[in-house]
Amino acid sequence: MASRRMETKPVITCLKTLLIIYSFVFWITGVILLAVGVWGKLTLGTYISLIAENSTNAPYVLIGTGTTIVVFGLFGCFATCRGSPWMLKLYAMFLSLVFLAELVAGISGFVFRHEIKDTFLRTYTDAMQTYNGNDERSRAVDHVQRSLSCCGVQNYTNWSTSPYFLEHGIPPSCCMNETDCNPQDLHNLTVAATKVNQKGCYDLVTSFMETNMGIIAGVAFGIAFSQLIGMLLACCLSRFITANQYEMV
């Protein structure tokens with residue numbers, strides 16, 4: 001019996017070391033998600049408001065998920081150091097829930113990527129039709145056009161169907177150089193062709209999505225399946241600790 005305890009102790013020590021390392025990496029993942037959520041709320045709010053038909057809580061979901069992972073990452077380290085079988089089982093159960101949630105989110109994002117593109121087309125077209133240069137969505141359109149050096153949905157001529165165009169012409173945010181644009185030029189599509197950006201914003205955004213979708217999906221599934229490693233380590237460690245406790249009785 002004593003020899004078996006001697007055999008299991010090195011295994012337990014090894015599993016504890018691996019699980020602590022994993023939990024630390026898991027904790028870092030939570031910090032990254034939390035940072036991305038805050039960054040997305042502060043920086044990408046204008047883009048998100050145009051991609052989503054209704055108000056979206058995506059940044060808050062990332063912040064909440066990141067915070068939860070940070071807490072459970074610390075819990076995993078504590079449970080590992082404490083060597084508590086029930087805590088390790090609880091940690092494994094949480095990792096399984098995270099795995100399922102990330103897997104569903106990754107599959108949904110990949111399957112519905114075309115719906116996301118269609119939604120962006122509808123919302124951006126609607127934002128152009130209701131553009132007045134002052135409200136939040138109008139400022140979002142201006143921000144996208146300036147930051148991406150684009151104009152309109154497909155191209156700058158899309159603005160000719162907007163009520164704003166009849167009074168003000170193409171928005172100055174379309175100009176390659178706003179100091180070189182005047183209202184008269186922006187009222188004339190022929191003259192404006194030499195003053196404004198030619199590429200449409202829809203093509204730029206969707207081409208970026210298509211180009212990076214494989215990378216994003218690969219990273220998402222990689223992170224999701226990494227939870228299986230943590231689940232395996234936590235379950236194995238819990239089993240060995242329980243077995244070792246029985247051997248001591």
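Cβ from N, Cα, C; glycine included.
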Identical membrane-side domain name, Val11 and Ser173, from Swiss-Prot: no
Positions whose Cβ lies under 8 angstroms from the topological domain 'Cytoplasmic' (76-86), at least six residues beyond its ends: 12, 16, 19-20, 22-24, 26-27, 230, 234, 237-239, 241-242, 245
DSSP state at Asn177 (N-linked glycosylation site), helix/strand/coil: coil
Which of Asn155, Asn158, Asn177, Asn188, all glycosylation sites, has a Cβ with the fewest other Cβ atoms inside 10 Å: Asn177
